[in-house]
Amino acid sequence: MAYTQTATSSALLETVRGNNTLVNDLAKRRLYDTAVDEFNARDRRPKVNFSKVVSEEQTLIATKAYPEFQITFYNTQNAVHSLAGGLRSLELEYLMMQIPYGSLTYDIGGNFASHLFKGRAYVHCCMPNLDVRDIMRHEGQKDSIELYLSRLERGNKHVPNFQKEAFDRYAEMPNEVVCHDTFQTCRHSQECYTGRVYAIALHSIYDIPADEFGAALLRKNVHVCYAAFHFSENLLLEDSHVNLDEINACFQRDGDRLTFSFASESTLNYSHSYSNILKYVCKTYFPASNREVYMKEFLVTRVNTWFCKFSRIDTFLLYKGVAHKGVDSEQFYKAMEDAWHYKKTLAMCNSERILLEDSSSVNYWFPKMRDMVIVPLFDISLETSKRTRKEVLVSKDFVYTVLNHIRTYQAKALTYSNVLSFVESIRSRVIINGVTARSEWDVDKSLLQSLSMTFFLHTKLAVLKDDLLISKFALGPKTVSQHVWDEISLAFGNAFPSIKERLINRKLIKITENALEIRVPDLYVTFHDRLVSEYKMSVDMPVLDIRKKMEETEEMYNALSELSVLKNSDKFDVDVFSQMCQSLEVDPMTAAKVIVAVMSNESGLTLTFEQPTEANVALALQDSEKASDGALVVTSRDVEEPSIKGSMARGELQLAGLSGDVPESSYTRSEEIESLEQFHMATASSLIHKQMCSIVYTGPLKVQQMKNFIDSLVASLSAAVSNLVKILKDTAAIDLETRQKFGVLDVASKRWLVKPSAKNHAWGVVETHARKYHVALLEHDEFGIITCDNWRRVAVSSESVVYSDMAKLRTLRRLLKDGEPHVSSAKVVLVDGVPGCGKTKEILSRVNFEEDLILVPGRQAAEMIRRRANASGIIVATKDNVRTVDSFLMNYGKGARCQFKRLFIDEGLMLHTGCVNFLVEMSLCDIAYVYGDTQQIPYINRVTGFPYPAHFAKLEVDEVETRRTTLRCPADVTHFLNQRYEGHVMCTSSEKKSVSQEMVSGAASINPVSKPLKGKILTFTQSDKEALLSRGYADVHTVHEVQGETYADVSLVRLTPTPVSIIARDSPHVLVSLSRHTKSLKYYTVVMDPLVSIIRDLERVSSYLLDMYKVDAGTQXQLQVDSVFKNFNLFVAAPKTGDISDMQFYYDKCLPGNSTLLNNYDAVTMKLTDISLNVKDCILDMSKSVAAPKDVKPTLIPMVRTAAEMPRQTGLLENLVAMIKRNFNSPELSGVVDIENTASLVVDKFFDSYLLKEKRKPNKNFSLFSRESLNRWIAKQEQVTIGQLADFDFVDLPAVDQYRHMIKAQPKQKLDLSIQTEYPALQTIVYHSKKINAIFGPLFSELTRQLLDSIDSSRFLFFTRKTPAQIEDFFGDLDSHVPMDVLELDVSKYDKSQNEFHCAVEYEIWRRLGLEDFLAEVWKQGHRKTTLKDYTAGIKTCLWYQRKSGDVTTFIGNTVIIASCLASMLPMEKLIKGAFCGDDSLLYFPKGCEYPDIQQAANLMWNFEAKLFKKQYGYFCGRYVIHHDRGCIVYYDPLKLISKLGAKHIKDWDHLEEFRRSLCDVAESLNNCAYYTQLDDAVGEVHKTAPPGSFVYKSLVKYLSDKVLFRSLFLDGSSC
């Protein structure tokens, strides 16, 4: 039995501790199932599409307000009051959710289109035309239906099934769906309906008189009516203007007229009766008859919208259930009838009772008014000295928090500025539970000054009143001004009445015995009201006929039912099927039956593939060598085409490509296009191809590319001809941009109707007098174009200047054999080179002009190559061997030579891949070199709608050669190129920093006078190019036009503020734009874009890093310099420049937002607000909760604004919060650890890693206790400490487990943004008495000295009393040429995480160093279970383990623990250098070392929340360790230095001077500016937003080194 109980207890304990795997698995499974159920429940929510454009804040408002829906925000529709408009649909759906589905529902003033779209066939909408806007709104609803149906029709879709019933009902019986009567007079019939009837009123009850509402509901037999309307509690006050901030709307009241409108919008306003709305708000019962009444019940308020419901109540039910056994029933009923008559009359009278008589009802109906008070604000006129007064609603808690605090101010401190400072501070942030800082009270910022004046006056009067009471001052005769001040004092005394009292006092409402009387001004009629009433007419709204659409929908549904028998019918593309039926004019049912027959193999046709992929279709279209037996095979066939001569006789010319837009799979030409004259007078329609989508190309990839190239020429010619025909038809409506590209000649008048920019066009489109359009080859004389008599007009364009596409088509058609292009067997080599790698230079060095051919894309490039090749005076490059691609294609066969040995194509990747294949074939070469850049701008398909598949863009080559040295680009651009190219890109340029950018205020600021641009001017878009040319700039090109060109200086301009797709980080256009210059590039832009970010990154690249990209940088000279200056820092005195604003700017860039905090009163607000704390077992002396008041001396005020806090006052609350956040918040992460054995192994590793081999064993001849050691310890102590030992007899040991607790009054600044949301905990100090320190201090001092003497100081640095110079010496021999990993271990809550295991490790280290067993045991027990006493704050508690922050082993103990921790996890035998100091560590390992999972090991073994960081530079004890090629320099953290300059605890000027000297000591190295660049990089690693900071480093040196100048950083607080 005992064994069973033991086993049961053990199992229970394991379960509680989480060690039972079965229970853990069950818990995980349960958690998983719960999460799945929760997500499934969320997915089942109704889905609502929010199409209107709203901000992120408005998105959160809608999502939080309506959790019942799954809202999808598309942000695709810009509209007025977009949030309110979008919420209208959510409000409608919320109201409809309250109604049982299918129940007859009346939508009062509703939107019948919304119900049709939702498929609600059971809703009837009463939509009376009470105003012109109502008619407009109703027409808009019908337009939305018509638009919806037209979209379905355009997409060959039909009304979905769930909408079909509703649309059928509207098509057949529109009066059943919507009527235009008021709800009170609605004639809708409820025949054949027996269920309950419901109604909804969405923002429509304003116009229904409240006295008629109940009767109207009863007339329609409505069971429950759900309503929603806008309202604000402030309308019950005297305010004539009330804002609804969430929806950006407002109410304006003028007498009984209440106007609703949206702010900052020109939409029409809505006017209602204020008294009528007030009845809906204040009344509870709405009588319907002498028996039934509708009772209003408030539901919820969401986003300025109130929801309520009106339930039908039968009042006769109040007494029908009364028991009457044992009495005379007749007498009972008679008495009840009399009583009921009286009670019913009283109930009807009480139905008008105001709801505000009950305070709980007020809080229920007006939740925003809860805990709000009315505060008067005062103002005075400077001209008339007239005082004015108004009232505002403010949180009661906020008011009394301010008043109670400022009431404690002394007379001298009670000033308006101090009150305003406190009010502004607590309004911006309040400390919650001593942890979180947040804004607690939402008080309008515009009221803070007036409120502060009110609080100040109130407190002044309260102080005066107290003085009068104390002195028992007797009042005598009073002057008028004294009476006025008495009235003000009286108003202040009654500043906070309840809402009810204020309403009654202002006579807004009047309470009578039986009813609520609302007093409003008499009604009046304005001119606008009179005009509307005179011309008001009532007409019936026309009905929208949708019967035809419903019939088409029915046919489509029947066809889809036929198709449902197919396999995978759920994936059937209904849109394509509907489009096919419409284009072929086929009945959907017939088409469906044919498809089913084909797919069921019942049509006699066998399909050769299942999925119509490109590969399957191409395979199916190939001719089969041998058909399978018994199978029907469909193959392509040759189709005879009419001859060219026959076509010319009819004026037609068929130009379809190899795979054009006709059904045949291939073409064979019986006759070829022999000359360009065959194009003359061909009809334009024969050249225009409306459908540019090719069928599948067949053959190898190169053949497919060549076919696609021919098709692209056809498409380009077709587009050019089509545009010219359109110009001829629309000459009178040509915009300015089109006029620059086209020209139209009137033949009769010989005058250009639209003058072209070019002259002597080669061809054009002619319009004859018969309104026919033909393509004509043009001839010119001295008067212009030679025309014919039957020509009416001639149109030309920039594409018709030359016969480009026509001549290319003629040439390529001659090359086809049986309709198929031939592929060359020549070897194709791709030379992939970076920008400026010398591709043209290499071509000229390799080419043999006698037997090779060079082809380039542009004429300028061809002329440049000829000029460079013939520079020696010998003509070797001619127009026969250096040609443009277009010239070669257009004039093929006309030159003297047709065959070449080698072909060189410059910028070949800018060409169509099919064009490159044709060039290789036409040159008849043995090898072709295609020079290009895979990362620059590729071939761009200029014909919209013409397909150029992605796999066609890749050129098939036999070999790839790379060129990765740029002769053009400066070093910073080369740095960018290394991010885009594989392999190392190098440069030969001596320029390092060449790129810059400038943000311009707008496109208008770019003009030649105010902004002359240097060098070549480039743009990204043609529109920007034209804009610059029109403003007077010369020689402007786009980036695409200058690819391959080189310029010394470039000015890149962007004038387009809208997003441009080609401006992206990985865009080839950006790459080309950055690589055109050799000296400088400046980017002028009107908006921030990725290129600005790239240039800013390049500006920050250090110069020494850019030297790595130079190919001509030798290493021998560097090695010689390195050997001379080894271990010595270059010293360059830092100039003393800068100002205070430099330090402020740098601080704000690194820590944005910290300097704006108003945290001077954080400690005050924590004491003033309620607080809830979770504490461990402790004893609190509550008599210490109220600190004794102290005179606070003013401190110096810093000019540099940082997040530094004011010193805090020690007290119960402050000390307890610090203890909770520090000592009571220790992590528990460790797993199961064998403490003694593991500690022994860790210490073994510690001694093997850090101690010299000969000193790993303790010196037995060494005594820890000696007079010398005690004298050394005493010499380090202060006289006060020694005086405390005077009465110590040293007979017995004091209580070693007793500690004292205190806090540091000055909070430690964190160099992050946590101060914006957190209340930093003070550092706690737990320390022994001096008597214990006198015993163990000398002991551990000797142990520490012995340990440090044994450490391998060449590799390890235990930072104890080391100067920055000693740190520099330690790291000075690091070889910067050896790649290293710089590691930092960051441990959170280091002291409080240490438990029994850490103590065991530390005790084992001390034991091995020679600590005696007895003292070791005493020390161990003194750190096991310890008692903490805080006498100042009145706190006593017990702690287990933890590092005590004030005993004699705090620093060295933390140091050996962090060193032991790292030795147990990292391969210390590979370590190059390592430094340890408290919880800080810095390690240098060789690059590429493998490390274990540090986080897991630190958690499970060491109970540490640890993170391991890899960095370029080390950060150690608040200092940056910068290693370089000459040694090492240690810079104090400049951001930490600036943070200290914002200190708010400096007492006086003497204290400030001591403060300056201490900062000078730690920041001495900043005087050396030689390594500021590396310091910038180091700071940038920690603070990503930090700018280059040499200016601020110099500023710090300037102020720290000058005593007088340093005083200007602070102001005297006593004089402020």
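Using the three backbone atoms N, Cα and C, a Cβ is placed for every residue, glycine included.
Here the structure is a predicted model, which means the values were calculated and not measured.
Over in Swiss-Prot, the protein carries these features:
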- 50-458: region 'Methyltransferase' (REGION)
- 801-963: domain '(+)RNA virus helicase ATP-binding' (DOMAIN)
- 830-1085: region 'Helicase' (REGION)
- G836, C837, G838, K839, T840, K841, R868, L967, R968, R1076, D1097, L1098, E1099, R1100: ATP binding site (BINDING)
- 964-1116: domain '(+)RNA virus helicase C-terminal' (DOMAIN)
- 1380-1493: domain 'RdRp catalytic' (DOMAIN)
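Locations of recorded Swiss-Prot features on the structure.
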| residue | record | DSSP (3 states) |
| --- | --- | --- |
| G836 | ATP binding site | coil |
| R868 | ATP binding site | helix |
| R968 | ATP binding site | coil |
| D1097 | ATP binding site | helix |
Integer average pLDDT (0 to 100) for the domain '(+)RNA virus helicase ATP-binding' (801-963): 85
Max pairwise CA distance, angstrom, over record-listed ATP binders G836, C837, G838, K839, T840, K841, R868, L967, R968, R1076, D1097, L1098, E1099, R1100: 38
Around the Cβ of R968 (ATP binding site), the count of other Cβ atoms that are within 10 Å: 20
Cβ neighbour count (within 10 Å, all chains shown) around E1099 (ATP binding site): 13
Count of other CB atoms lying within 10 Å of the CB belonging to G838 (ATP binding site): 16
Candidate with sparsest Cβ neighbourhood (10 Å radius) among G836, T840, R868, the listed binding-site residues: R868
Residues of the domain 'RdRp catalytic' (1380-1493) by DSSP state, where helix covers H, G and I: 42 helix, 33 strand, 39 coil
Cβ-Cβ neighbours of D1097 (ATP binding site) (radius 10 Å): 14
